[in-house]
Structures are given as C-alpha cells and as structure tokens.
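Features as listed in TrEMBL:
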- 35-52: transmembrane segment (TRANSMEM)
- 64-82: transmembrane segment (TRANSMEM)
- 88-110: transmembrane segment (TRANSMEM)
- 122-142: transmembrane segment (TRANSMEM)
- 154-173: transmembrane segment (TRANSMEM)
- 194-213: transmembrane segment (TRANSMEM)
- 225-243: transmembrane segment (TRANSMEM)
- 255-286: transmembrane segment (TRANSMEM)
- 292-315: transmembrane segment (TRANSMEM)
Amino acid sequence: LEPNVVFVLCGIALTLIFLLHACRQFPGCGNIVTFSQFLFIAVEGFIFETNFGRKKPAIPIRYYFIMVAMFFTVSVVNNYALNLNIAMPLHMIFRSGSLIASMALGIIILKKRYSVYKYTSIALVSLGIFTCTFMSAKQVASDSSLNEDDGPQVFLWWLLGIAALTFALLMSARMGIFQEMLYKQFGKHSKEALFYNHALPLPGFLLLAPNIYHHAVLFSQTEPFQIPVIGLTLPIMWFYLLMNVVTQYVCIRGVFILTTECTSLTVTLVVTLRKFVSLIFSILYFRNPFTAWHWLGTTFVFVGTLMYTEVWNSFGPFLARWRKRPKEE
C-alpha cells in the first residue's frame, strides 16, 4: 500500500474508535459530532482555502447551495436513523449499497449503460443488503414480541429507520451525480468543494441546536480526564469529541491527497476497506448479534463491491512484472 493509503486507514481506525466510545455512552450524539466536524473543517478551509474570504469560488456559489442542501439532508437523516432501532452494523451494510443507488440513478438521469459484469456485481450487493435487512427484521420482531404492547410500535420505528436509510442512500447518489456534472462543466475543485460543503450547512444546525446543546451539557457532566503530555483536564466526552474531530480531519485530508495522487480505483478500494473495518469494530465493540446469515450477506456486499471496481484487474500487470523479475542465483 502507498503511504497515503496507510495514512487514511490509520486515521479512519482512530476516528472510529473515538466515535464508538461516544456512541456507546450517548447513542443520540450524532448531531453534536457532525456539527463539530463541520465547524472545524469550515474554519480550516476559510483560513487556508478561501484566504479569509478573499478568494472567489471557481464554481458559482448557487450550485454549492444545492449540493449543500443534499449533503446536509443526507448527514442528518443518517444520524437520526440510528435512533430508529437501526443497529450500527445494519446501518453500515445498508450504506454500502451506494453502488446500487448510483447505478440506478445513472441509468435514469444520465442514460448510462453498463456491462453484464457490473450488473452481476450490483445483484450481489443487493442480495447481501436484502439478506442482512431481512435477518435484522426477524431479530427486531423477535425482540419486540417480548412486550406485546410495545412490539408493533418498535417494529414500525424500525421500518421508518429503513425508509430513512433508503432515502439518504438515493439522495447521496443524486448528490454524486450532481457533483460529477459540475466537475465536467467547471473542472475539479475538490478542496473548494470540501470547504463549501462544510461551511454553508452550518446555519442549518440551528434547527438542531436544542439537541446539540443537550448533548453538550451531558458531555460536560462526564468524568474528568487529564490529557497526557499536555496535562490539560477536561470531561472525557469532550476529549473523545476532540479526538474524533482531529482524526476525521486527518481522514478527509488524506482522501483529498489520494484523489489527487492515486487512481479512483485506489480510493474506491480504501473506502471499501473502511466499511469492512468499521463493521468489524462495531460488531466487536457493541456486541451486536451477527448470525451466519449476516456474515453471508456482508460477504455478498463486499465481493459485489470489489467486482464492481474490478480491483483484481490491476493485479495483472503486477503479476506479469513479478514473473519477469530476474531470479536469484
């Protein structure tokens, strides 16, 4: 692996560790985590990308407002899905269906056509997500049956969570197509897009202010923690949040470096590995029930994703060079 790939994967692992610590104690803390990440990246971009607002955007600002509306909606809906009886592993597996959504909308909007090989890979991903969703539905129904009064209500909330994930999946795919069309028209400006995608949504968090303030109070009431070396003492949840924001920034910067220095195949492979690592972390940390059927569905999802990216085609030239290398005497 290239150093940048290792850099991104390490950042992802650290981000996930701190995020899981926060989510385990406060499952509904997604909004304050997202707001903190957006604020940090927006401040950094305002200073170093826009030169304190003096640099004009290469892409007209009105297009960024449309993109930001989609981006903000997807982030908030994905956060709230976790409050609707959606387990973290199912949340991650479901979001791995972005290939399906992108292909479907690409066919409808951009009139794209794909090879049979890619359709097969999408069928595998779809089958994997369906398997995991169906088995999770059976688990929710089984758990809900313990309480006859609350059972139907719990299951209905779970169905609403699945609907929220589906909506976020389609909206995310539509945002990707919109961004692709902008890049074709105005050129690629990833750093600029990163800044505006995080700065423009900040006023929207006012709608979530009560929830963010509530969790800020809860974070402040947690036990104190002394940061090594520095010696600064602060509530441990604020430490987790600070570390999550810093490592998330490291991840995003690393991905930006990858998109400028590596092929899109490498970036896609790193994202696929991130999803798999996140899933394993979540299962072990939260001790979520994960049956053989869940593992089978997960296998379908990741094999289908790798088939879609045709990652093994890149091994052909490597193997050819390896066979032609001079043998040692």
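Cβ atoms here come from the backbone N, Cα and C positions, even for glycine.
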Report task. Count the CB pairs under 8 A between the transmembrane segment (194-213) and each of 35-52, 64-82, 154-173, then give me the winner. Result -> 35-52
Requested in this report: Report, as numbers and ranges, which residues of the same chain sit near the transmembrane segment (35-52): CB under 8 Å and 6 or more residues beyond its ends.
Outcome: 191-192, 194-196, 198-199, 201-202, 205, 208, 212, 241, 244-246, 248-249, 252
